[in-house]
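Asker: Pulled the feature table from TrEMBL, pasting it below:
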TRANSMEM  12-40  transmembrane segment
TRANSMEM  52-73  transmembrane segment
TRANSMEM  80-98  transmembrane segment
TRANSMEM  104-125  transmembrane segment
TRANSMEM  137-157  transmembrane segment
TRANSMEM  169-188  transmembrane segment
TRANSMEM  303-319  transmembrane segment
TRANSMEM  339-358  transmembrane segment
TRANSMEM  370-390  transmembrane segment
TRANSMEM  396-417  transmembrane segment
TRANSMEM  429-452  transmembrane segment
TRANSMEM  464-484  transmembrane segment
Amino acid sequence: MVFRKPPDGGWGWVIVIVSFFTQFLCYGSPLAVGVLYLEWLDAFGEGKGKTAWVGSLANGIGLLASPVCSICVSSFGARPVAIFSGFMVAGGLMMSSFAPNIYFLYVSYGIVVGLGCGLLYTATVTITCQYFDKRRGLALGLISTGSSVGLFIYAALQRELIELYGLDGCLLIVGALSLNILACGSLMRPLESSSSPPPEKTCVDVVPDQYFVYHEKEKTVEENISILEKGYIDEKCVNNVPDCKQDSILNKNVLSSININEKDTYKKKVVEQTNFCKQLAKRKWQLYLTYWKETMVLFKNKVFSALFVAILLFDIGGFPPSLLMEDVARSANISEDDYYMPLISIIGIMTTVGKLVLGILADFKWVNTLYLYVTTLIMTGVALFAIPFAKSYLTLAMLSGILGFLTGNWSIFPYVTTKTVGIEKLTHAYGILMFFAGLGNSLGPPIVGWFYDWTQEYDTAFYFSGFCVLLGGFLLLLAALPCWNACANQSSKLPPNTYSYKVASNA
């Protein structure tokens with residue numbers, strides 16, 4: 001398949017629009033699952049830790065399965081994957097309305113919806129990158145706001161639908177809305193060259209037809225020769241019965257003379273195929289070894305190792321507020337009359353603002369993106385420590401806005417990764433980091449919920465969350481201090497593939 005040069009416009013803007021709405025429709029409910037979390041607590045009567053697994057799986061399973069999602073999009077294309085994933089998201093949401101217990105929700109909402117979201121995220125990013133080159137950053141920034149806008153709208157929408165139609169009706173309607181992903185996916189036209197020449201025949205295609213006789217129904221050489229012999233004799237017997245015996249004897253003599261050459265040719269082909277399979281297996285094994293060697297080299301970089309710890313701790317501590325903030329407000333006995341807007345909606349709209357503002361700041365030459373990212377981590381930890389002291393809707397709303405804005409640091413995370421490992425290792429390093437981010441998303445809310453089940457209050461849980469985020473931020477700051485470069489310069493012998501982070505003025 002031959003791809004044209006990215007047009008940086010044209011149909012690409014249609015791709016941006018449908019990708020925006022795809023992320024809006026698929027991530028709206030999972031990100032705003034905090035509204036559903038309250039209803040599931042009342043409906044099933046399970047502990048907060050066990051119930052929190054539903055939302056954490058829906059948001060973390062897509063990141064955990066990111067390698068599988070990438071393989072699917074590379075193998076089948078963005079449009080088929082988007083359409084199939086639309087059925088997964090819609091079907092998972094609709095099945096969740098019939099959930100008899102919390103364990104059913106783990107599969108229907110947590111795994112099915114979560115995996116569908118992961119596939120859709122990979123498909124939208126891939127097709128957008130194919131259509132844009134010079135404006136790729138702008139295009140990716142626009143489609144990434146779809147999930148944040150979905151969080152803002154779905155938080156209020158699901159609350160209203162629950163009041164009107166109940167929890168089951170809400171999930172059915174939200175699932176039906178998700179079917180619009182099919183229309184968006186059908187517009188993801190692949191960027192192919194219409195005048196691409198037909199591919200040249202491979203070595204397998206140009207092999208004579210007589211060779212393929214030997215492979216039909218996995219017969220041996222002797223069986224194939226006997227079939228040819230029998231067919232030739234039968235044809236002669238039908239056309240000229242008196243000469244049947246004479247031709248049969250003659251034909252046997254001819255085939256017996258060819259038999260040895262045919263056997264040698266077949267054996268040679270088998271040997272060639274065996275050697276090819278051995279070489280292919282050896283090459284694959286070498287690729288796996290190279291992958292793990294490169295992974296070990298990445299972890300020799302102290303900043304990358306600190307970044308891996310920081311993203312894991314950040315998602316363990318920083319993700320729970322988007323899921324549990326509504327229950328925090330209910331636990332603080334805040335009156336519904338003071339509830340002007342769902343706290344999750346505030347988190348969603350401020351996340352959009354944070355992505356845009358932090359992304360713009362990262363483009364300034366005088367801003368070091370690593371220190372900017374560390375600042376967001378430390379401020380997030382401080383905000384989490386302040387949640388137990390918030391006893392009114394106003395203070396919780398302010399903290400929700402601050403946490404939402406700081407969560408927008410996802411927009412600068414690729415900048416930080418690129419600065420740390422280099423553009424040539426970005427894909428490898430980013431895949432590893434996203435896996436651990438998904439692990440943190442999956443573990444964070446249940447851990448906080450278990451703390452509540454253990455202490456019957458959220459104070460200890462958010463102290464733990466704040467400590468995790470602060471620890472990750474300070475470890476990353478310590479690893480990136482310029483003094484390490486001075487020590488590295490004084491060292492006379494350095495390992496050949498060891499990286500050192502040099503603090504620069506731009507990303």
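Each Cβ is built from the backbone N, Cα and C atoms, and glycine gets one as well.
Values in this document were obtained by computation on a predicted structure and should not be read as measured data.
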Asker: Is the transmembrane segment (429-452) packed against any residues at least 6 beyond its ends, judged by a Cβ distance under 8 Å, and which are they?
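Answerer: Long-range Cβ neighbours of the transmembrane segment (429-452): 47-53, 55-57, 59-67, 70, 295, 298, 304, 307-308, 311-320, 323-324, 413-414, 417, 420-421, 458, 460-462, 464-465.
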Asker: Look over the recorded stretches 12-40, 80-98, 104-125, 370-390, 464-484 and say which has the most C-beta pairs under 8 A to the transmembrane segment (137-157).
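Answerer: If we count Cβ pairs closer than 8 Å to the transmembrane segment (137-157), 12-40 scores highest.
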Asker: So which of 80-98, 104-125, 370-390, 464-484 is most in touch with the transmembrane segment (303-319), counting Cβ pairs under 8 Å?
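Answerer: Counting Cβ pairs under 8 Å, the winner is 464-484.
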